[in-house]
Amino acid sequence: MAKSNSNLCAVVLLISILIVAASAGSFYDDMDISFGGERAKILNGGQDLSLSLDQYSGSGFQSKHEYLFGRFDMQLKLVPGNSAGTVTTFYLSSQGAGHDEIDFEFLGNSTGNPYTIHTNVYSQGKGNKEQQFHLWFDPTAAFHTYTIVWNSLRIIFLIDNIPVRVFNNNDAAGVPFPKSQPMRVYASLWNADDWATQGGSVKTDWTNAPFTASYRKFNANAKKVGPNSVSTSSINDNQSWSTQGLDAAGRNRIRWVQTKHMIYNYSNDRKRFLNGISAECKTSRFL
């Protein structure tokens, strides 16, 4: 009987391993290279992806599927050393003039100076919702997890599961919110030395090219849409992301991030918005 149980446990363990392997994400399965040719490389059997930038071109990839709400996780290791002028991205976007977009952009800097984490939200083609941060770690030394949670109530930006920003649905107050346009996942590495580093005053040093950023462990717990997508709404409607907000610990963490590490907040930029700040700026950022 003991031998029979042992054999049964071995079979169950083998089946469990096969299920996990089958459900593990692969860049071959999830993504298409969108530009840059061989500058974008899928490695390690689809588990890793690297993007490079030289003086001729950057590179990028996009998801095979479109999504309407979900949680999107990606691990990134950014361009090391003198990354001035470079921009590495991980974002969601629809297409067209009135597009929606949810951005993580990582603005490079000269050696010894910190990256700027640039976040923005576009709805119906309108953005101007920027918040920027300096990180509390070196994003080039190891992989870190960057997450976008997008549901009908709010958008949450997280870094290593620490919330850094919340953009609430204030549609009732006349503030457009991304809620009806399916979006793909995008990532890219490109040159933006006309604005990215210290207002464009520090240019890309091409003697350091090629510049390389690394991606791994993409996961989308999300609602796929489109003619080639299998409906997952019956499963994902019950997932925690669909109503996710901030608990007391989350509110404490985001206050710490925004007090200690935020370097720009559009809601406080009255010189830029002479006609007054947007309505969502007058409500709590942390609900």
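In case you wondered, yes, glycine gets a Cβ from its N, Cα and C as well.
According to TrEMBL, the active site, nucleophile annotation covers Glu101. Glu101 (active site, nucleophile) is surrounded by 18 other CB atoms, counting those within 10 A of its CB over all protein chains shown.
Residues or ranges marked as active site, proton donor by TrEMBL: Glu105.
Per TrEMBL, domain 'GH16' is recorded for 21-215.
Annotated N-linked glycosylation site per TrEMBL: Asn109, in sequence order.
Per TrEMBL, the feature signal peptide maps to 1-24.
Counting in whole angstrom, Glu101 (active site, nucleophile) lies 25 from Asn109 (N-linked glycosylation site) by their C-alpha atoms. For Glu105 (active site, proton donor), other Cβ atoms within 10 Å of its Cβ number 19.
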